[in-house]
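Read through the structure below, which is laid out as structure tokens, and then see the notes.
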Amino acid sequence: MADDKSNAAEYWKANVRLIFGCLVVWAFVSYGCAILFRPILAGIPVGGTDLGFWFAQQGSILTFIVLIFFYAWRMNKLDAKFGLGE
Amino acid sequence: MSQFAINLLFVGASFALYIGIAIWARAGSTKDFYVAGGGVHPITNGMATAADWMSAASFISMAGLLASGGYANSTFLMGWTGGFVILAMLLAPYLRKFGKFTVPDFIGDRFYSNTARFVAIVCLIIASVTYVIGQMTGAGVAFSRFLEVSNTWGIWLAALIVFLYAVFGGMKGITYTQVAQYIVLIVAYTIPAVFIAFQLTGNPIPMFGMFSTHTESGVPLLQKLDDVVSALGFQDYTADVDNKLNMVLFTLSLMVGTAGLPHVIIRFFTVPKVSDARWSAGWALVFIALLYLTAPAVGSMARLNLMTTVYPEMAGQVENYEEAAQTPILYEDRPGWFRTWEDTGLITFNDLNNDGRIQFYNDAADYADRGWEGNELTVNNDILVLANPEIANLPGWVIGLIAAGGIAAALSTAAGLLLAISSAISHDLIKTMINPRISEKGEMLAARISMGGAILLATYLGLNPPGFAAQTVALAFGIAGASLFPALMMGIFSTRMNNVGAIAGMLSGLICTLLYIFTYLGWFFIPGTNTLANTPDNWIMGISPLSFGAVGAMINFIVAFAVSSVTARPPQEIRELVESVRYPKGAGVAIDH
């Protein structure tokens, strides 16, 4: 029982670490590249405008998709590693 | 065949399909009715979630918002997709593991309090009812434009169709009709966009065409658009915004609101496994992105098409925009689609300087030297997507398809919202709080009756939209983001959070958000009763009432943790419940209580 509990706690810690990493990227592309850092990225031209505009209208959405699939894939591995899957 | 007959054929065929699916997927048990039996494939659920999520606003209004606001309105694109990232990581898998039917189910059980359950029910109903009004009016507009019936008949027709498949099929019927509706709406949205992208840039993929070269002038499309609009006194399409704090908070409000909206969350209760809930969120975003990556292209290209329709000489220009601005088209030479939409009152022309030409420019700019006496053209943003096939001279069947697509977008979201409302009433209010002894049959009947009642209420509100219909986005997202999302997240991520803390958090988040919205938009949205004028100078730190949901969510978290830390720990069995929702093992045997 004690083993089960510490195992579950380890699993949860690993999950929280993974979520934190994913959310850093999530915030970086949307709030960072698309909004706050747009003036810094203004020198990088993309099709008639700048990189920040591209992130705001396409780049962040594409990154979001990759993030969710990455998370689902990593969590399946964690489920199996800790023996806590279905 | 006349255009009317083609529209009728497309819309009629799509309705026959939805009703056929509903008959095939009838709900036999409460589990069928609430969560489609819990056996929906993750990709199927992703597609249904996409249709559930993409409303009349996404299909009809978003490209228009982008066309008019340019970069500044990217907030909608990021906010309405980024919410799925936090939904997939912070809520969906654990709520699926919990294994019950509704959002108030989790809040009531986790915070061992019927008060918390009741607050959640009230928040859910207000958010969902305000949201459904927009769907009914959106369906009404699409019906009256394409089927030439009155708005009233349009709304009644929409209500009847939803009634037929939602009341009998429940979540099971809704799931499979949403899949069909997704296919209809995405095909309808994409086809005209592909043609327009190809006409303007030679690239048939809209998301790439938007960033490539405008064929006629040889200039990049977005630069071309900036040049054209700035020659007419409008702000550059790609111009940066000054108030970054407000832009960040508005995007964040839309994201937490998206993650907290119950009709989206309950879709993830229908998949067989916890891991399926994670995959399914990814698939949902893929299907949503097919439209959301096309929308900015549609917005920018429709704006350019509109400008060059009025100022034909601007299309091939590389630099002499001032000169080209002198010769807008004569009113009598306006194209056919212009005339069609004038009939609906969504395009209006008023020849202020009596020269017979259409001067279309930003009224704030002074062009008296050009002999202009004011902007003479107003164009409702909502027509851009609907008029797209006509602007691009596409055949009549594409227009029929757009009609069916707009109606599909409105109906699929309305059905999801109505299910969330009816399950909160029949399951949470009646079965859990009032009469736990109710039989399975009795609960099904209660669910169907409350669904019928919710449809009647939605129809009534669609026919008599309250003055605040336009503010519903702020209200629905503010409530979902400031009250439901933080409560759900703390219920999963904190074992220490107790009943008093959660209730205090939800109420303070909700009340602060409502107070801020009411201060600027009018008390209970009654026009003229606002305490302060709704202008950026009056906003606290430049935060608009639409962006306040994110601040409300932070207040919720702070109050909840503060109150919880000075009151009793939750009982042992609640801490065990929280630990059990954190890992997938055992989800298959979750029982319906």
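Quick reminder: no glycine exception, Cβ is built from N, Cα and C everywhere.
Database features, via TrEMBL:
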type     : residues  : note
TRANSMEM : B:6-25    : transmembrane segment
TRANSMEM : B:77-95   : transmembrane segment
TRANSMEM : B:116-133 : transmembrane segment
TRANSMEM : B:153-170 : transmembrane segment
TRANSMEM : B:182-201 : transmembrane segment
TRANSMEM : B:247-269 : transmembrane segment
TRANSMEM : B:281-302 : transmembrane segment
TRANSMEM : B:397-425 : transmembrane segment
TRANSMEM : B:445-463 : transmembrane segment
TRANSMEM : B:469-493 : transmembrane segment
TRANSMEM : B:500-526 : transmembrane segment
TRANSMEM : B:546-566 : transmembrane segment
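Here the transmembrane segment (B:153-170) does not lie next to the transmembrane segment (B:469-493) in space: the count of CB pairs under 8 Å, restricted to residues six or more apart, is fewer than 3. Listed by sequence, the residues of this chain that lie at least six past the ends of the transmembrane segment (B:6-25) yet keep a Cβ under 8 A from its Cβ atoms are 146-147, 161, 164-165, 168-169, 172-173, 175-177, 180-181, 184, 396-397, 399-401, 403-404, 407-408, 411. In this chain, the transmembrane segment (B:182-201) touches the transmembrane segment (B:281-302); three or more CB pairs sit within less than 8 A of each other, excluding pairs fewer than 6 residues apart.
Counting C-beta pairs under 8 angstroms (sequence separation of 6 or more), the transmembrane segment (B:546-566) fails to reach the transmembrane segment (B:397-425), with fewer than 3 such pairs.
Contacts between the transmembrane segment (B:500-526) and the transmembrane segment (B:116-133): present, as 3 or more C-beta pairs lie under 8 angstroms, all at sequence separation of six or more. Of the candidate ranges B:116-133, B:182-201, B:247-269, B:397-425, B:445-463, B:247-269 has the most C-beta pairs within less than 8 angstroms of the transmembrane segment (B:77-95). Relative to the transmembrane segment (B:247-269), the listed stretch B:397-425 leads the set B:182-201, B:397-425, B:445-463 in CB pairs under 8 A.
Only residues 6 or more beyond the boundaries of the transmembrane segment (B:445-463), in the same chain, are considered here, and those with a CB under 8 A from a CB of the stretch are 30, 33-34, 129, 132-133, 135-137, 139-140, 152, 155-156, 158-159, 162-163, 166-168, 170, 414, 417-419, 421-423, 425-427, 430-431, 438.
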